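> Dumping the structure here so I can ask a few things about it.
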Amino acid sequence: FTRVKYLKSHRRIHTGEKPYKCQDCGKRFIRRYHVLCHQATHTKEKPFACTTCGKHFAFKANLITHRHIHTGERQYTCSHC
């Protein structure tokens with residue numbers, strides 16, 4: 001690991017420690033980033049917008065996946081098709 005904090009975060013996978021708690025539902029997480037992403041499910045906020053069609057997403061990863069619809073890009077292809 002390049003930083004001690006990354007090692008500490010990784011160790012939680014093995015120890016089961018989940019120090020970050022959602023204030024809305026109490027669900028616990030290993031990483032702070034994960035609880036922040038999770039909390040968006042309670043607020044219904046969708047801050048990530050597609051610049052092509054205007055559709056909004058709660059998570060940046062979902063927007064990135066959606067963009068492939070417009071570009072036609074496929075990360076994985078079927079070897080039979």
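From the backbone N, Cα and C atoms, a Cβ is placed for every residue, glycine too.
Checked TrEMBL, it gives:
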DOMAIN    1-19  domain 'C2H2-type'
DOMAIN    20-47  domain 'C2H2-type'
DOMAIN    48-75  domain 'C2H2-type'
> Helix, strand, coil residue numbers for the domain 'C2H2-type' (1-19) per DSSP?
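Result for the domain 'C2H2-type' (1-19), in helix, strand, coil order: 12 helix, 0 strand, 7 coil.
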> For the domain 'C2H2-type' (20-47), report the average pLDDT of the model, please.
91
> Write out how many residues of the domain 'C2H2-type' (20-47) are helix, how many strand and how many coil, based on DSSP.
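Across the domain 'C2H2-type' (20-47), the residues distribute as 12 helix, 4 strand, 12 coil.
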